[in-house]
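Take a look at the structure below.
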Amino acid sequence: MKGHLLSTEDLSRDDALVVLDTAERMARVAEASVRKLPTLRGRTVVNLFFEDSTRTRTSFEVAAKRLSADVINFSARGSSVSKGESLKDTAQTLEAMGADAVVCRHPASGAPHRLATWVRGSVVNAGDGTHEHPTQALLDAFTMRRRLGRVDGLAVTIVGDVLHSRVARSNVWLLTTLGASVTVVAPPTLLPLGVSSWPVEVSYDLDAVLPKSDVVMMLRVQRERMSAAFFPTEREYSRRYGLDVDRAATLPEHALVMHPGPMVRGMEIASAVADSARSTVVEQVANGVSVRMAVLYLLLGGSGEVS
Amino acid sequence: MTTNGSGQSWVLRQVRPLGGDAVDVLLADGVVAAWRPPGSTSPDSEGLPLGTTVLDTAGLIMLPGLVDLHTHLREPGREDAETVESGTRAAALGGYTTVFAMANTNPVADTAGVVEQVWRLGLDAGHCDVRPVGAVTVGLAGERLAELGAMATSAAEVRVFSDDGHCVSDALLMRRALEYVKAFDGVIAQHAEEPRLTAGAQMNEGVMAARLGLPGWPAVAEEAIIARDALLAGHVGSRLHVCHVSTAGSVELIRWAKAKGWQVTAEVTPHHLLLTDDLISSFDPVYKVNPPLRTAADVAALRAGLADGTIDCVATDHAPHALEDKETEWAAARPGMLGLQTALSVVMETMLIPGHLDWAGVADRMALAPARIGGLPRPAAEGWSSIAVGAPATVTLLDPSPWRVVEADTLASRSRNTPYAGRSLPGAIRATFLRGRPTVLDGKVV
């Protein structure tokens, strides 16, 4: 892999497969009695989170610790972070502390790209604005591969607020790179105008797409989108694009239901569906640690074989 | 309002007016005093005033001094980013002899006092004429008209009014402004941006924005306002000037408005003639500008519009920003780019070299047309319209042959936000004369 993981758009098929294969080996570490590898001993991983995300931060923290790295949680959330100076100041601080890797979550699209020009260490994009969330896509692909044996040739349907979703973008690039055919489903207001240039099918009709889907990935829909007139009411959204029990029943038997979390139960997904056997929601969390271990391992060139 | 040229006289030996045949041009008493046969003039030639300096200007192109309808000089208020002194130095080095200073300073140029202050600072700096633009509405707030008449009758003689940076989005207020300034032959220069359609917008809405996850600034937000304002200008018979046209659709609308016979003029920036939104994939805020960089199709339409006169002129929208306002993540950065010292080069690359305009066309789009639109007072306006004998000696001389790599650190601006850093551009300004007085000689500020 190159020095940073900023997006899946520029991730080659070979690099993506190396991450997934490495993650498979990391997953075995998690299943072992001693769940720790010495490979990143003496290396420093900084979790730089400008946005609250306990789930993602914890996942990276666990991943780094399982590789024996020193972890610093640098929560930069607060009133001053909306100003750009603090991003550069923070970058200089991290430089001075000798961070080997910076895991960056930021509300502004492209912030990790800027950071990467200011620090020597590797930057891992842990979600930037409405741009990308590459490790989420990698863990989603990993989850599909573990459950269904492959990604190549799968029909994956991504449903919801594609316009504002970094998870959707990262998945579109990664899954198509890995050979899946992707359909995005949303009300037209929640699709970017340029979606026609994406390597995906576009549909406004969830019911038509579900029976042909091997995987359906539900995206969180924030209630505040309603006030900006993206859709009329929560109920109408839920009725047209929510995955309720009846809709889920039209999926093929083997089909998976995925959600990057946090879910809005009753909005985009019914509780019964989220907790059903075809749901991978909890598995995705576990797989997230394996994938993030793989990414840190590969970027930091950890020493020693992973058995 | 301004001093006449110095007593010194100059001969521009073998210079090529508008790129035509070489001639020796005598500048004396602040005017173009004579055209003499090429190469015939030496310091001891007969008929020259005492103390005439003969410059070897063989191969240089002579143009009327350039006029920029759209410059942000940042003073008062953001002297860390630019001052009238530093901005007008950049202007002179870029071949400009007049700049129109936008009103979005702090305090806003919405009173006679502020516009006179800016005007006087320009006079003191002396690098070029500074014509303040007055705000249309108090504090650029878009709520009530500023004292347009007081600014018009002030020493600054304001004729161009603009809330640039903000759109006069209220249709009734825009109508009133257009009507009101007719009393003193003013023009409203509109920043065409329907604010409801661009809330939070970060870049051109389209393929790149979809990829990069940046909120889109749709072309229709510009075009809807242009259409509305053209209709208003037609309805009340007033002059409308459209700032920084950036989309193919806007060019079509302006073409339509002109075909109706309405008094609508428009400008395009150098960066919209050259750069496209795919540069933003680096997330480098040096490419952040408002209106945003658009697509290659828009660039082609803008060049065609400038070539056929649909777009009347080039205006730089020179917008200096302090380092801390640009060395940030994309969303936190301020929009704007430097432009004064690169404008002519970009126009050469995008219009002259591809054959869309000849030198006379460049002179029209960068000097004569903006002077007309800006209502430069006579006799200066006549001078702009000609570099013939008798015209004010307000000219710029450039060497068209060299290509130079733009280096941000060598620009005269206090800021460094040029999108052309590292890029090679054609042409170099060698000298600029303002009413017979050199402001730039040998590529350096006098």
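Glycine is no exception: its Cβ is also placed from the backbone N, Cα and C atoms.
Those TrEMBL annotations? Automatic predictions, nothing curated.
Site annotation for carbamoyl phosphate in TrEMBL covers A:ARG55, A:THR56, A:HIS133, A:GLN136, A:GLY261, A:PRO262, and the matching candidate from A:ARG25, A:ARG28, A:ARG105 is A:ARG105.
Taking H, G and I as helix, E and B as strand and the rest as coil, DSSP gives the domain 'Aspartate/ornithine carbamoyltransferase carbamoyl-P binding' (A:4-145) the counts 69 helix, 27 strand, 46 coil.
Comparing A:THR56 (carbamoyl phosphate binding site) with A:ARG166 (L-aspartate binding site), their Cα atoms are 14 Å apart once rounded. Proximity to chain B, defined as a C-beta distance under 8 Å, is registered for the following binding-site residues out of A:THR56, A:GLN136, A:ARG166, A:ARG220, A:GLY261: A:ARG166. Here the Cα atom of A:PRO262 (carbamoyl phosphate binding site) is found 14 Å from that of A:ARG166 (L-aspartate binding site). Per-site Cβ counts within 10 Å over the binding-site residues A:ARG55, A:ARG105, A:HIS133, A:ARG166, A:ARG220 peak at A:HIS133. Taking Cβ-Cβ distances under 8 Å and a sequence gap of 6 or more within the same chain, the neighbours of A:GLN136 (carbamoyl phosphate binding site) are A:THR56, A:GLY127, A:ARG166, A:VAL167, A:SER170, A:ASN171, A:PRO260, A:GLY288.
Same-chain neighbours of the carbamoyl phosphate site beyond A:ARG55, A:THR56, A:ARG105, A:HIS133, A:GLN136, A:GLY261, A:PRO262, judged by a C-beta within 8 angstroms of the site's C-beta center, are, in sequence order, A:SER53, A:SER59, A:ALA126, A:GLY127, A:VAL167, A:PRO260.
For the domain 'Aspartate/ornithine carbamoyltransferase carbamoyl-P binding' (A:4-145), the predicted model reports an average pLDDT of 91.
Annotation note: A:ARG166 (L-aspartate binding site) sits in a helical segment as assigned by DSSP.
Shown are the binding-site residues A:GLY261, A:PRO262; of these, the residue with the fewest other Cβ atoms within 10 Å is A:PRO262.
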